[in-house]
Amino acid sequence: SINKQLGEQSDKEPTENGSHVGAKGQEVSVQAECVPNGDSALPTRLFRRRWAIVFLFSCYSLSNAYQWIQYGIINNVITKFYKVDGFAVDWLSMVYMLAYIPFIFPATWFLDWKGLRFSALMANALNCAGTWIKVASARPDLFWVTMLGQCTSALAQLFILGMPSSLASVWFGAEEVSTACSIGVFGNQLGIAIGFLVPPMLVPNVNDMEELAFHLRTMFYMSAGVATFLFVLVIIVFQEKPEIPPTQSQAQARLSRPEEYSYAASIMRLLGNKHFMLLVVSYGLNVGCFYAISTLLNQMIMQHYPDEEVNAGRIGLTIVIAGMAGSLICGIWLDKTKTYKQTTLIVYILSLVGMLVYAFTLNLGHLWVVFLTAGVLGFFMTGYLPLGFEFAVELTFPESEGTSSGLLNCSAQIFGIIFTIGQAKIIEKWGTFAGNIFLCIFLLIGTIMTGFIKSDLRRQKANQQNEAQPVNVS
């Protein structure tokens, strides 16, 4: 029966341990790994389709992340058009964080029980709906409509943020899983980068409200067109999981998960894992700082460099592009070295250093210095994102990757709201330097907490538990 399964697949790559699948109907030799009870697990195998799946995920994650920051980076333009204050516009960003907190547990439950394809369909349906609602909001008296559209898009991210580690584990081999997770995070970061760059170019700061409405409507139509196209692609292309698991840990997970699996019990086990909980808090502190900086970047830059909203967007772009490079480098490094604790701690320390440098140089009056320091900050702070996901999976295996990632993201959203509101108030009263030092204090706390996390790499132990035993399957 195994031979029948293997023979039906014509687009296979070599297995994780080097064996190949023959043409349909042929007898093949594969590597089967042993599970603890001595029986042979399903053979591990990699499918070329995995690259299409992770690329498509990255694309719709990009679409959703773009919408998160598209208002904040033109805060001054949006306040003028809708005749609201800056804090109301900040909420167009913070609603993404707020929506995540109460709904993350239902969303991760759906990911556990309905799987990757259901989550992908839900994410794209909500994301697409949000973009079309915004198309109807390009009138000065319809701020509530644009908020409704943003809330709908915010619900879509519930089915996106926790997926990179799950998708990587389900589809990718042990030597590429961290890289795949980084690619998944890469799409989200690229969306933020485009969100920093494009809105200031599409929506110039003009005084004619009709012209401004036209520019906003153009931006909204572009978002809606992309989201609709991606929704159709997901319906056609996105697959739940490969027919044969890619790693021994996934093979064991498929065989061992009982029908009476309890999501509530899984949550309780995670909450009782003290090293994971240290990671949850430290991850939230780091990513919460990134959310606050991204949301308030326009206000910080405009305070020191008036009429530079386009360059504010470019600085945001620099932060995220540098972070994308950091994410990919960190993902590849983890796959090569498996040094999760050491890499996470070093990147955290360098995030703190980058934040301090940024805080002390923002008000020097030289935009090129801000570009440089923002790039350094982004490389490490945004590069930390996939490290947290992958370290969490290692600490919590065999619990659901979606559940552990969901708790990390929930922590990030909570701290993101707190830091955004807190930093905004501090900037208003004492200036940008005090606001940035406020974030540095919490990054220092997160660095110390990361140092106390024990490197218990459970997934690696599962993959290395038994040497591969060659068997002939016919």
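Placement of Cβ uses the backbone N, Cα and C atoms for every residue, glycine included.
Automatic, uncurated: that is what TrEMBL annotation is.
Copied over from TrEMBL, here are the features:
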type: DOMAIN; residues: 53-458; note: domain 'Major facilitator superfamily (MFS) profile'
type: REGION; residues: 1-22; note: region 'Disordered'
type: TRANSMEM; residues: 51-71; note: transmembrane segment
type: TRANSMEM; residues: 91-111; note: transmembrane segment
type: TRANSMEM; residues: 118-136; note: transmembrane segment
type: TRANSMEM; residues: 177-198; note: transmembrane segment
type: TRANSMEM; residues: 218-238; note: transmembrane segment
type: TRANSMEM; residues: 276-294; note: transmembrane segment
type: TRANSMEM; residues: 314-333; note: transmembrane segment
type: TRANSMEM; residues: 345-361; note: transmembrane segment
type: TRANSMEM; residues: 367-387; note: transmembrane segment
type: TRANSMEM; residues: 407-427; note: transmembrane segment
type: TRANSMEM; residues: 433-453; note: transmembrane segment
Open item on the list: Can you work out the mean pLDDT of the predicted model over the domain 'Major facilitator superfamily (MFS) profile' (53-458)?
Closed with: 85
TODO: Find the member of 51-71, 118-136, 276-294, 407-427 that has more C-beta pairs under 8 Å to the transmembrane segment (345-361) than any other listed stretch.
DONE: 276-294
Open item on the list: Below 8 angstroms Cβ to Cβ, which residues of this chain, lying six or more residues outside the transmembrane segment (433-453), approach it?
Closed with: 275, 278-279, 281-283, 285-286, 288-289, 292-293, 296, 300, 341, 344-345, 348-349, 351-352, 355-356, 358-360, 362-363, 391, 395, 415, 419, 422-424, 426-427
- [ ] Could you give the residue numbers and ranges of same-chain residues that sit at least 6 residues beyond the transmembrane segment (276-294) on either side and whose C-beta is under 8 angstroms from one of its C-beta atoms?
- [x] 69, 72, 93, 97, 192, 196, 270, 300, 316, 319, 348, 351, 355, 377, 381-382, 384-385, 388, 391-392, 395-396, 404, 407-416, 418-420, 422-423, 439, 442-443, 445-447, 449-450, 452-453
Task: Segment-segment contact (the transmembrane segment (314-333); the transmembrane segment (407-427)) at 3 or more Cβ pairs under 8 Å - done: no
Task: Distant-in-sequence neighbours of the transmembrane segment (177-198), which means Cβ under 8 A and at least six residues beyond its ends - done: 50, 54-55, 57-70, 73, 160-161, 163-165, 167-169, 171, 219, 247, 294, 297, 312-317, 319-321, 323-324, 327-328, 330-332, 334-335, 382, 385-386, 389-390
- [ ] Counting only CB pairs under 8 A, let me know which of 91-111, 218-238, 367-387, 407-427 has the most with the transmembrane segment (118-136).
- [x] 218-238
Open item on the list: Assess whether the transmembrane segment (407-427) lies in contact with the transmembrane segment (91-111), where contact requires at least three Cβ pairs under 8 Å among residues 6 or more apart in sequence.
Closed with: yes
